[in-house]
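Below is one structure, written out as structure tokens; the observations come after it.
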């Protein structure tokens, strides 16, 4: 269960309004790596976590902090939009070219849809969607996604930092940069903790004994005119999995003579076919070899007797 | 520029058709972490890479391999769909309950839309979209996203591996598991190489000197009834950035008295407001303080003279 | 079945072209509450309506009117785009700053994709989608959604009205404002009619006797530092359902000691788990307790004898 | 800023797992009117609210409660998935038809993507997206959307209630039904409070004096073979706006002779045109009548002198 | 403006309900090539058409017919859903395996969201979106898209036809097949009419004289191990454009030595770069070579004097 | 399997950067008919093709070429973005109106998300999605979609061609125009080849004998005030299917007296209903007439004996 305080975690006060910058800040709210993403990603990871204790609590702590970050950024956007020239019409534009530029660049939704507030969308107006988030139930895997999300988020914040002069905005972004830095560490240290607790080995090696033991340490090059990829650490030295040396394959070698030839099509689906491979398998009971009625009846009969 | 061979990289031959499993395999084609994602992600990273040589070549090599993986998986799906009971009608269902189950579970698009072939969608029928992919121009950040993508992909493959008995399917998934394992290593070693080449430090520290020097090593807990999060490595020991010890903050301390109060709204946007904070700023030229006409005129005049 | 007339319901003639305004008008066509939304929402409600007569006819009447509103707005957009500076190149821009502003702000799809016509998208270029619409089969519930849709639509039209000087555009928007006003009334009066016809009580109370009889008149506050929410009508006075007084709960009281602890995971799904709660339930026939084969066999046996 | 407690607001304990029902419960999490929608809708309305005090606090109180509802429902789904037959293969299916049915109907993402946890998607696997939510800055309008959202949500919960026998699930749904009932009241009473506080009139009448004074109380019928729509309250009696009687228009009367004829197209956009209306307006500086260079130069000159 | 009749164009009466088939029929309503697509595609083409007369009228006639097709199909779905086993719970399933199969396969939205009616989604539950439709303003191009849409739609209808025994459903699909056949002809004949009216040549050749005169009649093969593509009509004989013979290029020949090397990045965007190509161009006024302030000032000065 | 070369197929070198044009070029990359669409469309058609030989090879050849076109366009965009004024702040804008215009119009993602590279989105920032592509298994039908896709793509390229002065950009677009022209021919000639090979007739006539033999050559007009549609070739002359003359139906004639009346609703779904048609069919085992337990038991009994 959740509760809220009226105060923000950190102040979100621009010195002056700036409708163009408000449009850009939307990326940090509803973009692929905006605060809505990390908030929902961590909450779902926390809700689905199977282990009470330090892992679940840590995830919930950060997820809860991120709700407050959405709050800070939406507050910033609403303040940046104060007096945004929404109602300026042709007449005003004609006498003020710079004003026209702001009008051209500002987010029309800020005025028309949100009435001067933030939108749950990215800087291009695309609504946030849950296809961005990750919560697999496997913490090692998810912590890697979290490291990546914080890294992308921090990079975007760094870029946005250079696009404003406003000291109030810069102050908040300095806070955001620091939290992104810390949260990156947190997930990296979380991975270390999983290793220390013996919770990583098993998972990292899911189906490890069944995977192809050659292809897990072979670099394939697909270049036709020479590749420098063989010069990197990824193409030589000991593999991270097992203790075989990484093999570099400069020319791809087919591991099969399978040329992808498909079976004749079900005639009732009207796929194009010249008949060269004989008649197709009809998609009816007869064709569904695996689940033939006779077979089932026998099994049920067995169960009944 | 690209070229293709008729042969597959690895064979994609199921022993028997299985329409239900074909539905599930779609996750590996058009899911959030399916092969379409890694293919497009690596190609865009490669196309946008600023450095000719080993990094760009390595990215292009893997991206090109992934095109072939989409090919292998779509081939597998088409073969698993042979004779899928698409045309079975009520009459057939009534006499064969197991057949009915397959009909209930199979992907209707496999028959109606694709005519017995694979779809560019996930296992729930949601079309793949480019909002899944990442290509930021910063290799360190993107390699982290790539590690995460390969990890999620490998985890999903591990899960799918347990959902089939078919030796032909299992053989291909063993190959896929191994490639996911190797590609994870590749991106991890890519990060190591960036560090060795001195290309990571600068980037990792983008705006490093400007970020809040306290908040980059402080863990905030937001629990109201005690949190075990303080027991993890992320809450004690030396921070990864700088050499300060991580500080654990058991109760959040507001860094501001900003309570998010917004300015009075633009009256022409008809947002609800009781007038207590005085009149709102109209969204016209007058209100757009930053870009007032007078100001501009002066600047242009300066430039002209 | 539907038919059409060549004439528009109301004239859609701007005095002058205005490519920037055309971009904004798109919100009224393909936005969340644009005419495409109400058109498809009412048509689906009408098609799915279970009662021939005044309700179905009223819904169909308005739905059919809305098709014509899409027509009016697309016509307006195409006329506003006359001579839009699509082919203006750098050279022209350099000598005319205001022209540049229009070029910056105009919708690139209007020229590149639609060839000077309207698009089925919102003002940010996001395609309209059917996830916006509502047709539940329950008229009381849907009429509430319709009131809301007309209110949002009217609000957006009011905002757009202030963003143009063009008398031709304003004339059409005056018509649109009036229709939104009337359609709001229509759905409000529709709700009244449902009440008068005895069709609301039953539905409003679906599962009424089974709902928690305390929680349907209790206001929970979740604030940590005092909330003024107790001052509103929603927190005191008689509840609208039943005749109990609304209760105001200043501090949340847990109704359970359930702390969300999840069961041990299926080991084949490789979710992170330390084993503290014992082994997980495997996701196979044995684990699927509810549907054990034995159980089924017995039931079928019973049915057969 | 937000905080959390480990306990749930209400218990989420099914008596037995049920993978099919888990698939359906997803509608209440990530559907158009699921808890993610109301949670994000109320939080954005609260963040963007211009008035400190009872309105903002009330919105924040409910928004915060809804975060906990997402938590309850995701917990319920994870528990319903215990032992879900994810790894069951052909062989098992062939001997147990009912098991096969569950396999056909269950959500493949629950196993493959989420590892036995809930997904941020609806019951069909479509990811939640922010295009569902509404936060316009106008409280009257938004409270109407909130009433509608709670009504749709309650209706869907009522339907789901009839689809299970499980007493633990039913207990939680009884709580949910009650909260939906109360939240409906809350928004209805919120509207009453806005009226009492004099904050509704102005807003409801935005641009009221400018709207077409005939079309705001006229019902148009568009039926070709008789409509019963005239029998409803919406077609007679006094209008809700103004005190005119509603007028019923049995046959649509064109208010214009505008037949939607578009101007000749910009020749450089290659739209089909036979030239009958003369040459089209080129989309270059010359054609952009409104923003001609000469005009601008004059205005700037004026501003400079 | 539009009007409606109560009667359907063709009867939509299934002999018996069939909830599984209802799920499939959704493809014809809200799928990529469902009736919502052709309805909105033709209406937008008609609204944006620049020529009054036979073309616009023909497009509007078919678009209007398609609204009625959406009506027929939604009616069919609602009737197929009569008595759909939505409320069947575990207990019932356990005694009736076939019932379980229907429950597994039916669309959960039909009950939970639509209350027994059709949804504006495809057979997988993905909402229809306007990204499917095409209306470019160029009739020749759009008629080609229309031919393709009708062909795909007819193919899907053909496939669905084989998936039912119900004579009432089959009768309606026979009508739909015929209309798809006729509409295909209509657009093919529309293309012929455009040719006859001299409206095709110009458009087909847009920028014809500027296109590369070699590459418009050359087939490139990209196969590494031999391609049979040279055996087709597309690789020999006279080209359709101009009267050159088509040239077959068995091995791709680079037309450039451009290896895609990108310029050094803007340092403030923190893209990975080793400095080998010199310093990057900063993204500020100085770097924006094309639009330098000095340059502009001169131009304005010129315009002013 | 695929391989790549470092060189581009054709050079992608703009003479000068132009951030505004880069935004527009995105349409050719990630738009509905951008290169991502044709690339993925042809690859899926090729992967799913049932016939080895000239058809499959031709499709694969073109699909492989298109991967290289995505590469060319992304390279062009990255070069057009050199020095794009991303970090320009208010101060710079105030002194340079033209710069402001570029800032207003440029794609914020180019700097914030991609760090100066191309995005997998259209010119409005909407991510590419697989709902754009078509691969039905029927080559005749798909080749029609391919003709349409190339035509729309060529039209958009023609429009973009007129929006730049840059000779380097124009050179590449001349190449693109030519390839679009050739690929259009290729698919048209592919259709001719299918006809020559006897692979079109069968498919075109799928279910031909079952379709309504009147409605496949009848033009329906739905205009209320006269339609000129009867003047086109589509309304007279011999039909393309069969040798009947096309019939023109100036007034729609209902082919049924079905007025779409729906059956009474399932009472547990709470759809609005006044009871006039008797009680609704409950959605339980009893109501699911088609699949009654008794019926099934009999069938299974028959199979067992």
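Just so it is clear, glycine is given a Cβ too, placed from its N, Cα and C backbone atoms.
Note that the coordinates shown come from a computational prediction; the quantities given were computed from them, not determined experimentally.
Its Cβ placed at the centre, residue D:35 (Mn(2+) 1 binding site) has 24 other Cβ atoms within 10 Å. The Mn(2+) 1 binding site annotation in TrEMBL covers D:35, D:69, D:150, D:183.
Residues annotated as Ca(2+) binding site in TrEMBL: D:57, D:61, D:223. In the three-state DSSP assignment, the secondary structure recorded for residue D:61 (Ca(2+) binding site) is helix. Counting only residues at least six positions away in the same chain, no Cβ atom sits under 8 Å from the Cβ of residue D:61 (Ca(2+) binding site).
Non-local neighbourhood of residue D:66 (Mn(2+) 2 binding site): D:35, D:38, D:39, D:42, each in the same chain, at least six residues away, with C-beta under 8 Å from its C-beta. Among the features that TrEMBL reports, Mn(2+) 2 binding site is placed at D:66.
Annotated region 'Disordered' per TrEMBL: D:263-292, in sequence order.
Just so you know, the Cβ of residue D:223 (Ca(2+) binding site) picks up 19 other Cβ atoms within 10 Å once every protein chain is counted.
Apart from D:35, D:69, D:150, D:183, the residues listed for Mn(2+) 1, the same chain places the Cβ atoms of D:38, D:39, D:62, D:65, D:66, D:149, D:153, D:176, D:179, D:180 within 8 Å of the centroid of those Cβ atoms. For the pair residue D:69 (Mn(2+) 1 binding site) and residue D:57 (Ca(2+) binding site), the Cα-Cα distance reads 19 Å. In this entry, D:223 stand out among the binding-site residues D:35, D:66, D:223 as having a C-beta under 8 A from a C-beta of chain C. Of D:35, D:57, D:61, D:66, D:69, D:150, listed as binding-site residues, none is near chain E by the criterion of a Cβ under 8 Å from one of its Cβ atoms. The Cβ of residue D:57 (Ca(2+) binding site) lies under 8 Å from the Cβ of no residue that is in the same chain and 6 or more residues away along the sequence. Here the Cα atom of residue D:223 (Ca(2+) binding site) is found 33 Å from that of residue D:150 (Mn(2+) 1 binding site).
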